[in-house]
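A.B. asks: Take a look at this one; I'll ask things after.
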Amino acid sequence: MADKYSWSILVYLVSSLLCCHAAMNTNMSRSDNGGFKNDSLLENDPELNYVPSGPLVMCSFLPMEFIECEDLVDLKGNKTRDDTMTGGCSKYGGSYRYEDVEKTTVQCMVLPGIECHGNRKFNKKGFPCVKYGGYYFLTTLLYSILLGFLGMDRFCLGQTGTAVGKLLTLGGGGVWWILDVILLVTNQLLPEDGSNWNIYV
């Protein structure tokens, strides 16, 4: 008789555990609005399936050497343009401080042959709005010191209008010549198109 009751209790406990397990799985598979989540979406979500201790890193964590990003789009100062677009810059360059340079979001793709976890095409935030147009600081500074009275430094930077004025006045009688050298050294005289200085390699 005792064996019969103990078997009944055991069966009852097992069935209760199975019911509770099924109820928990049902609640976990529900979305916030009460519907059921798409199982295929869960399987394809790289964030949910990612194992930090695994051999692969997230594709979005790869350094710039392993990804290729789209070209930046010049908004030409139009800050009211749709903020949801990627790669849009209303201003390029700036001072030497990284904090002062405008940032944007660009779409990047992992290079072929690189293994990583997740989507190989992703949006990268905090991309600096910097471009290079073939301007070298040391070359421009030498032009400014040696041939600044002829406006060669401003011609070199693409500032044709002020360069002609500097040429006709022979560097403003020497004052404009010296002033431009100081502006160059203090990073106040920059290329007309907003490009940053190229690095000598």
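Every residue, even glycine, has its Cβ placed from backbone N, Cα and C.
So TrEMBL lists these for the protein:
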DOMAIN    135-182  domain 'TM2'
SIGNAL    1-22  signal peptide
TRANSMEM  133-152  transmembrane segment
TRANSMEM  164-185  transmembrane segment
A.B. asks: Please compute the mean pLDDT of the model over the domain 'TM2' (135-182).
C.D. replies: 92
A.B. asks: Report, as numbers and ranges, every residue of the chain located at least six residues beyond the transmembrane segment (133-152) whose Cβ falls under 8 Å of a Cβ in that stretch; write 'none' if there are none.
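C.D. replies: Non-local partners: 162-167, 170-171, 174, 177, 180-181, 184-185, 191, 193, 195-198, 200.
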A.B. asks: Per DSSP, how many helix, strand and coil residues does the domain 'TM2' (135-182) have?
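C.D. replies: Helix, strand and coil residues of the domain 'TM2' (135-182) number 40 helix, 0 strand, 8 coil.
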